[in-house]
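Taken from TrEMBL as is:
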- 12-33: transmembrane segment (TRANSMEM)
- ASN122, ARG123, HIS218, ALA219, TYR220, ASP286: beta-D-galactose binding site (BINDING)
- HIS218: active site, proton donor (ACT_SITE)
- GLU348: active site, proton acceptor (ACT_SITE)
Amino acid sequence: MARKDNRRNICMVLCFVTVVIIALLAVVIYLAARGTNCPESEMSSILKEEYGEYKGEQVFQYTLQNKNNVKVQIINFGGIITNIFVPDKNGKIADITLGYDSLDRYTQSGPYFGAIIGRYANRIANGTFELDGKNYTLEVNNGPNALHGGKFGFDKKVWEASEDDDILALKYVSAEMEEGYPGEVTVVVTYMLTEDNELVIHYTANTTKKTVINLTNHAYFNLAGQGTGDILKHTVELNADRYLPVNDVSIPTGDPETVEGTKMDLRTPIKLETVINDVPGNVGYDHCYCFNDAGWKKLRARVYEEVSGRKLEVYSTEPGMQFYTGFYLDEPGKGGGHYHKYNGFALEAQHYPDSPNNKNFPSTVLSPGETYLQTTSYKFGLV
């Protein structure tokens, strides 16, 4: 009897040890899968590489990649999306966003390739606005207007970068009266690439004093591949029934108007080459489209290119989206190339241009204690 009890006890101990070993192995496998073999430091799945130096500050390039061979590269100078590699219908990978080959070129003036735009995306008429009875004068850099935050907006700043697993976070503190804007504003922009091929960009901002703010990203796309020529064979669909007519310096002339019966109506998919020469103003599309469901992330635009089969969908919480077909492009490009008119398009989710001077537009005022929130995403796929 005693011998049977001993055997039973030994079996129980062996079973217990086996369970413990299996549990430990499971923990080890889990940590290895997350790349965290060492508990004192969590490792990121984002690749970080030196990209250059700007005014004594180091600039890095961060690579986000998923299992579908989609790869997005971002630098912490201006939060610029430098490259987006996406497979076509035959599996051939190409870079579909316009840009430069070097940091030096990004630091110069240009069409804001891939950059975070702020404090105020788009134009403010005559570079002035009134807030609580006080007039503010901004840096004028686009004819008579202030454009995209001024001469040295967020696109020309080195942002503080941090990584948390598959999320890249960029932070910038904009000083009181920078480019003429009131309040010290702290902005955080995060980037995440999902396994559904969606690049999700989330923005937050807080201020120490009442101010105006309007943020966006200014990526230019060519779904056939950057540097391959114009985008006129792209098919575009925008889910907006109103747009903002503008004057000869691109300032809205009044309230949003219906797209019904005009060349601005893109609610039904249409190939750009069939309509672009008839767009009012004779410079293609460079207009803000207006949505009726701001605050909810909804499908705003869909673009596809038949030869490659690539498709881009844009989702956003913003009340507007500037659709620009690149009429004024005349820039050196990647790999020694050159970008010309209509070689790329931009879909910039944002508030309306010149909102601080128009009480009928959705407000862009941010007060202390409030948080500015925006989410916009670019989803890549095949038709």
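Note: Cβ is positioned from N, Cα and C throughout, glycine not excepted.
Remember, it's a predicted structure, so these values are computed and weren't measured experimentally.
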Nearest of the binding-site residues to the residue listed as 'active site, proton acceptor' by CA-CA distance, picking from ASN122, ARG123, HIS218, TYR220, ASP286?
HIS218
Among all protein chains shown, how many Cβ atoms are found within 10 Å of the Cβ of HIS218 (beta-D-galactose binding site), not counting that one?
23
Would you mind listing, in sequence order, the residues at least six apart from TYR220 (beta-D-galactose binding site) in the same chain with a Cβ closer than 8 Å to its Cβ?
THR97, LEU98, GLY99, PRO111, PHE113, GLY114, GLY326, LEU329, GLY344, PHE345, ALA346
Would you pick out, from the recorded positions ASP286, GLU348, the residue whose Cβ has the largest number of other Cβ atoms within 10 Å?
GLU348
Using a 10 Å radius around its CB, how many other CB atoms surround ASN122 (beta-D-galactose binding site)?
26
